[in-house]
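Trainee: Sharing a structure here in structure tokens format.
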Amino acid sequence: MQEQYNPQDLEQKIQKHWDDNKTFVVTEDANKEKFYCLSMFPYPSGRLHMGHVRNYTIGDVVSRYQRLQGKNVMQPIGWDAFGLPAENAAVKNKTAPAPWTYENIEYMKNQLKLLGFGYDWNREFATCTPEYYRWEQEFFTKLYNKGLVYKKTSSVNWCPNDQTVLANEQVEDGCCWRCDTPVEQKKIPQWFIKITEYAQELLDDLDNLDGWPEMVKTMQRNWIGRSEGVELSFAVNGETSPLEVYTTRPDTLMGVTYVGIAAGHPLAEKASQNNPELAAFVEECRNTKVAEAELATMEKKGMDTGLRAIHPLNGREVPVFVANFVLMDYGTGAVMAVPAHDQRDFEFATKYGLDIIPVIKPEDGSDLDVSEAAYTEKGVLFDSGEFDGLAFQEAFDAIAAKLEAEGKGKKTVNFRLRDWGVSRQRYWGAPIPMVTTEDGEVHPVPADQLPVILPEDVVMDGVTSPIKADKEWAKTTFNGEPALRETDTFDTFMESSWYYARYCSPQADDILDPEKANYWLPVDQYIGGIEHACMHLLYSRFFHKLLRDAGYVTSDEPFKQLLCQGMVLADAFYYTNDKGGKEWVAPTDVTIERDGKGRIEKAIDDQGREVEHSGMIKMSKSKNNGIDPQEMVDKYGADTVRLFMMFASPADMTLEWQESGVEGANRFLKRVWKLVHEHTNKGTTEALDTSSLTGDQKALRRDVHKTIAKVSDDIGRRQTFNTAIAAIMELMNKLNKAPQESAQDRALLDEALKAVVAMLYPMTPHASFAMWEALGESDLDSATWPTFDENALVEDEKTIVVMINGKLRAKLVVAADATEEHVRELGLKDENAMKFLDGLTIRKVIYVPGKLLNIVAN
């Protein structure tokens, strides 16, 4: 091996070896245990960022570790290639989304290869190709025929600038999260898939996902939002249809003083027809739709419709208000309001001078006071007629029974989860395979006419989707009759909901080859950001159950283990421009002065301007604080970047990018390289004779095997990769100081270095591959992970600490099996101990076996 560690030449050579030998290409093998490791595939935005590098490094470390465990490891990669950024880039660059996307894929593919990730490139695909989305289209038509797909007109958040529908969570302060344009409400027909039919199963099966972070499971439970309650009817004066409401607190029914309805509720629309003031308020509510998460903090507003609802049990009339906090998407779009026992209702009632009637008091008999705030705990009913004195569950059951007997309500289970709206009014997505004939009937496109191909040679004007603008494209036939194609495209979550399964058989002449899919699935380890907890991860679980029920897969869940990696942070700097706005400056263009504690005192950019330090924040284009992985690989090599990524922080925590840390990782790799070079340069070593080792040699070998045990557990079970690397570094410090005089010294070092190189392989595969060969071994890619020798861990001797009156006074080295009596005797005779015991009377001697001798004397 070369004396100097030169990653640039080395890495290229080894990557070529992997390519030439198809090292990571796998097929099904019934005789081998499989391991399917998958990192969430990238959107081809143009360049990899450090978030990508972290995600894919973790995946590669897990894959290579499992490979050395002797498993048949599949690690595929592909491209989540549809989506709005491609359209925006196409408009900006006066091109079509397709060529922009394919160029980016080519560039990013080369970047991934330079980082040395062990992918099976034979399985690569891009979701924007007809070969991929054709099967998605066919599966959608099968779901339609099963009654799991429907079309309905629904009110959507519409961004007039992007000309697209936004999910509730993409609306921030009433504006589009992407371009900050005020969002409008618009009613359009859309396609939905009935995820609600699977709500209970999606909820129940979370209990079986032992390998998932609790936080993600909790987020999904809350998103699905199962509740048990009562659906009841309030008659409305002058209306034929009653007002349906759902409540989880029927025990508070006698405290209802008004009913709130959503601005989109039919009653609100009807009431506003002859009431211009109400009509204006309804319009205001519709156009300031907010994410559900913001409901709690926003100002509560309402307006009396003039309608009166009749209480179903006591007949009292209560006003019906349009309220901005009632969402049409959730429940029935109407709520019964009990100001005495719900804080939101309380604030609203106080603001509009509505009655507040308490009907629940504390179970312990303490005083009830609802003058300042609602009493929201469960308690005992009073002023509730026949239900007085009942506790929550008794009251729940009794009131539900009475409502049911009178035909005014029933117990029901409700889910917060809504059906999945999969229509998007964009061009760059998979066409929805439906047609409408002249008689208005809607039909799925027959399988033999699929795929419905998205034309790629288009001109983007930035306003209208080319397939909506091109009237000819929509014209088709169905059973010989003229028909019009659907011009909406699928939500891009459709493609990412089943891509993991397509990797199992990417060339299959169907959505999946069941035999291959059932060999590989479920995914053993999935890696990606926690921001996908409620959308992508839930949709993928749903899609997997659809594939199961269609007979393609036998498992219930797609991902056994889930690791959510933390974000990558970097220093961010800015100066204030003439207009008072922030201009962000790249950290690489900033010179920093630090104080004695390492804190930034002053920062000057390359134009000589003093800039403000905004702290360590997520790397992003908008803050100009991204670090280009390419530059780091060119400067230090891929192995160094990978090692830093895995060492700088626990995988699930944020990682603070510090180039000094990258330099540290590089120095460490050079030290390992240097020691291997020095060792191998002295020629071959003789076999290690473990029976003739000296005490020091045994101690060093014990450290080697303790490290193997720890690293194996840290990578394989705990996934604390940073502590695994720290343990290897600690061992290297000892190996650097170890004597190399005798043949057995060198034989022991040989065993130790082979273990170090193999343990570093998942993180630094190129350097490890070369050092492994230099150590006289062949093909590290198919080697076996080092195993620790139980006998080496057995200690012949132990160090016992001697404490006198709580202070450390001596250390004893004794045989590992020394008796308490022997240790006491040695401790009391120890020279140091005797010095401190001189003239004192020993009152007590406490022995903690194998660790401590504590002497109390005065």
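Backbone N, Cα and C define each Cβ position, glycine as well.
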Trainee: Looking at the candidate ranges 183-187, 313-317, 618-622, 693-697, report the one that Swiss-Prot labels motif ''KMSKS' region'.
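Mentor: Range annotated as motif ''KMSKS' region' by Swiss-Prot: 618-622.
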Trainee: Can you identify, from 42-52, 658-668, 735-745, the stretch that Swiss-Prot calls motif ''HIGH' region'?
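Mentor: Of 42-52, 658-668, 735-745, Swiss-Prot gives motif ''HIGH' region' for 42-52.
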Trainee: Who are the long-range neighbours of the motif ''KMSKS' region' (618-622) in its own chain, taking Cβ under 8 Å and residues 6 or more past its ends?
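Mentor: Contacts of the motif ''KMSKS' region' (618-622) (Cβ under 8 Å, skipping residues fewer than 6 from its ends): 49-51, 567-570, 584, 657.
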Trainee: Against which stretches of its own chain does the motif ''HIGH' region' (42-52) lie, if we need a Cβ under 8 Å and a gap of at least six residues from its ends?
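Mentor: Sequence-distant neighbours of the motif ''HIGH' region' (42-52): 79-81, 83, 85, 101, 104-105, 107-108, 111-112, 115, 126, 529, 567-568, 570, 619, 626-630, 645, 657.
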Trainee: Going by DSSP assignments with H, G and I as helix and E and B as strand, what are the residue counts for the motif ''HIGH' region' (42-52)?
Mentor: 3 helix, 0 strand, 8 coil
Trainee: If you average per-residue pLDDT over the motif ''KMSKS' region' (618-622), what number do you get?
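Mentor: 90, rounded to a whole number.
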Trainee: Which residue counts does DSSP yield for the motif ''KMSKS' region' (618-622) in the helix, strand and coil classes, in that order?
Mentor: 0 helix, 1 strand, 4 coil
